[in-house]
Amino acid sequence: MVHSSEVSIARRGAQVACAVFFCFTCAGIIFGFAALKPVLVSEGVYSDLCPTRDQDANGNQPVPCREQDLRLNFMFTIATVVTNVAALPIGYILDRIGPQRTSILGGTIFALGCFCFGLGIRTPGFDSYAIGYVVIAIGSPLIFLSQFHLSNAFPVNSGLILSLIIGSFDASSLPMVAYREIYYASGGWLTSRAWFWGYAFLGLFVILEQLFLAPRTVYTRGDDSVKDLSEPAPTERTGLLADAGERDQDHLPDEIVSSDPLTGKLFGYSAGSQIWSSWFWIVTAFLCVHMLRINLYIQTAHSQLLYYTGDPALADSLIRAFTYLLPLGGIVGIPFVGYLLDKRCSRDAFVTLAVFGVLFGALGMGGSAGAQVAGITVLVILRPLMYTAVSDYAAKTFGFQTFGTVYGLANTLSGLFGLVQWPLDVLVKLPLDGNYSPVNAALLVAGLVTSTALASRIWLGTRR
């Protein structure tokens, strides 16, 4: 590990700038699905699944037909599950070989995924669209998670840098929005094959930056080295959760000791001890529920807007606004998120998330255009705040020495939980006949319970 003071300010600034750029262009492009989907429909991807019985008197199919829509949604579901499930092995790799080699591996896999998707081959035994999208979903977090340690390149502003990195991830659906606009403006001239094959070169740029500019090891954040494993495994009965904060705070450099009493709570303990603590399981439950809510909405946004407004033209306008606001929310929200994490305690951030979660759930079930616009606005701020707050919580609570494994496991479990996206999509489209309200109401309640539980755990566990 290297301390930030050992590297020039200019070099650290360039490293952070590159991290932000790669997170913006590579880290979360699979979440630009809402913008990419109409392009794939226009190109007839999976249209062969549409039954002839759905044709009207003129032989026209509804676009997309239900089978095509479900198959495209299934591709997105699998990709989102894989990108989160992969976080655990990626975290293990990151902890073992370091961020530089992990990023190089990510750039390679990302380029291969883009190339595979661009092939556009679909046979009974091979579907390059699904395979390519999933491979991209593996390469992206390899690049993304490798950048987190750069939040310590400037320790005093670690929260702001982390919000920049994750805000860029949140905004990384914007390239897909740009592609959709170019595609329709050019009359389909820029095909998905040309776009993804061109995008594959970004993987090469990641590799070059890691070889010639990026640090070879992580920037350290105080005394978060792992204690001797012969030390008895701490439990809540031994006072770990009551006393670790005070003990480790004494060993943190001045710039790391902040007004947030959560900092250093479990620094110095093995990953296994941290994982078996309630600090891990409560935040994991929170992450599972909120990631499901967000990804399910991204996947079904147009269908939900059509159901609640009952106006196809209005739904089209709202989905267009949503695809712009989703990435922009990650950018516009950076000062707000940075302020919450640097100037306020973690408890306040999760209380804010609880309020935003309720507002999004309630407004999203409204029938007016105003309610839907307000709900979308809340969501696009909620998303970057959720991702950044959880990452900041993990860094402050567990430390970077075990960050990859602990944070990776939380993401893996949330990814596995995300498998219910597909059954929920089928449930709504078939038994519920397009009615999203029962599912949305249940997720609203689950989100409120988990966010309140996490905020309460932080408050009770950090009282002096």
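Cβ coordinates come from backbone N, Cα and C, glycine included.
Annotations in TrEMBL come from automatic prediction, not curation.
Among the ranges 44-63, 104-123, the one that TrEMBL lists as transmembrane segment is 104-123. Residues 76, 79-80, 83, 110, 133, 136-137, 139-141, 143-144, 147, 150, 153-154, 161, 164-166, 168-177, 179-180, 192, 199, 202-203, 205-206, 209, 213-214, 295, 298-299, 301-302, 319, 322-323, 326-327 of the same chain, all 6+ positions outside the transmembrane segment (16-36), place their C-beta atoms under 8 angstroms from a C-beta of that stretch. Same-chain residues lying 6 or more positions outside the transmembrane segment (279-298) and placing a CB less than 8 Å from one of its CB atoms are 31, 33-34, 76-77, 80, 84, 241, 265-266, 304, 326, 350, 353, 357, 360-361, 364, 379, 382-383, 386, 390, 393-394, 397-398, 406, 409-411, 413-415, 417-418, 420-421, 424-425, 439, 443, 446-447, 450-451, 453-454, 457, 461. The highest tally of CB pairs under 8 A with the transmembrane segment (402-422), across 72-92, 160-179, 442-460, is held by 72-92. Counting Cβ pairs under 8 Å to the transmembrane segment (160-179), the stretch among 72-92, 318-341, 442-460 with the most such contacts is 318-341. Within its own chain, the transmembrane segment (371-390) is flanked in space by residues 162-163, 166-167, 169-170, 283, 286-287, 290-291, 294, 297, 305, 308-309, 318, 321-322, 325-326, 328-330, 332-334, 336-337, 340-341, 346, 349-350, 352-353, 356-357, 359-360, 362-364, 410, which lie at least six positions past its ends and keep a Cβ under 8 Å from the stretch.
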